[in-house]
């Protein structure tokens, strides 16, 4: 725990006063979500859940996470361009995971037809936890890299101001001055704007592809407003709108309702449940188009858990990033132990090890969006059931990371104010733009800290488990 926080956590009166100020500050700053009861109405909103106090983050690990982000930008981009690698890596997964298989079929179809897209935009978020060793030292360990719809870049741009005020109210003005500025919304918009500019049509729009249920609209609006400030027109559409209104001309330019679309920014499309036949057809139409997709389907496939596991194999990074030993060393230093459950001797051995000692591992399916991973007894039960079945190849196994818990208050609407033992996850946003073979932009675009009570094994903010936080570097 950061020095000086312990006195606060135990002072009930000070906590109550600070929490009341914090909630009003969050509402004032626009740290907002729509309500579960009316997820598509902005006339009834509440504050997005957040921590009362900023959480301690080791400065060296925070700087390490930032330093490696451009390397991860390079790596994701390299994977997305390597058809042979994606084919080989996903061969076993697409036999048993229908969602990944359908994405892969679209990918192959678009390649066979020939890519119309010449400008490529990547917005990713690499997520880490701080693994506490037996000697008490912490190490940065990558959980995953999100290559589609990486969220909360907008709301986290506003959260630090709330925590700054809370610390001042608690008499910690000096500590308040140490909280870092952070504006991922601006960084994400910069990437989108660059892609729009390189597309080369002033009249063309940026299309946010959004969910049917839009509780997290204000997070997206932060990025949207940055684009409007640059006089770039933004439209919001759903897959069904694309199916009903979308068309391609002879040059495969994408039109929605007669408006040319320069950039398609996906905030939807990462879970199987949303795809019916119409939505799959809409996705194919988008992928065949000249519009800059963020991500294109190859980049979405580059973010699968199976690819993550394959990247950890000795020699793989060297093949994907030839002549970049320093970048490879920085990337590899963040990897946790990752294991294949493919059919064969190695997969059999790993499955048996995990069944015998399930608390050492996390079982991960090829899914995004939080709340999908399996732990402990549940992990053992699932692996027992599928250990002799090809279905096991749709999962990967990862060493369980053991962070050091700290005390904090998680502020949620309509929930009692109580202290919790918490752990945090740090995400670094990365943005890159490539035109043909030239990388014209690549940078880290800001950070996101999410914190949850230790009784919750899995799940993010959108899943209702984690809350927004601000790093306090120690």
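Backbone N, Cα and C atoms are what each Cβ position is placed from, and that goes for glycine too.
Per TrEMBL, these features apply:
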- 125, 148-151, 214-216, 220, 267-270, 450, 461-462: substrate binding site (BINDING)
- 144, 146, 368: Mg(2+) binding site (BINDING)
- 144, 305, 364-373, 375, 398-401, 425, 452, 458: ATP binding site (BINDING)
- 204-302: domain 'Glutathione synthase substrate-binding' (DOMAIN)
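Location within the structure of each feature annotated in TrEMBL.
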residue: 125; record: substrate binding site; Cβ neighbours (10 Å): 26
residue: 144; record: Mg(2+) binding site; Cβ neighbours (10 Å): 19
residue: 215; record: substrate binding site; Cβ neighbours (10 Å): 17
residue: 220; record: substrate binding site; Cβ neighbours (10 Å): 23
residue: 268; record: substrate binding site; Cβ neighbours (10 Å): 19
residue: 270; record: substrate binding site; Cβ neighbours (10 Å): 20
residue: 368; record: Mg(2+) binding site; Cβ neighbours (10 Å): 19
residue: 375; record: ATP binding site; Cβ neighbours (10 Å): 15
residue: 400; record: ATP binding site; Cβ neighbours (10 Å): 17
residue: 452; record: ATP binding site; Cβ neighbours (10 Å): 24
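Cβ neighbours of residue 149 (substrate binding site) (same chain, under 8 Å, six or more residues apart in sequence): 266, 267, 268, 269, 270, 368. The binding-site residues shown are 144, 146, 365, 375, 400; of these, the one with its CA atom nearest the CA of residue 125 (substrate binding site) is 146. Nearest to residue 144 (Mg(2+) binding site) in space, judged by Cα atoms and limited to the binding-site residues 151, 215, 365, 375, 452, is 365. With respect to their backbone Cα atoms, residue 215 (substrate binding site) and residue 146 (Mg(2+) binding site) stand 20 Å from each other. Note on the domain 'Glutathione synthase substrate-binding' (204-302): its mean pLDDT in the predicted model is 98. Closest to residue 146 (Mg(2+) binding site) in space, going by CA atoms and restricting to the binding-site residues 220, 365, 400, 452, is 365. Using Cα positions, the member of the binding-site residues 365, 375, 400, 452 nearest to residue 220 (substrate binding site) is identified as 452. Geometry remark: residue 365 (ATP binding site) versus residue 151 (substrate binding site), CA distance 20 Å.
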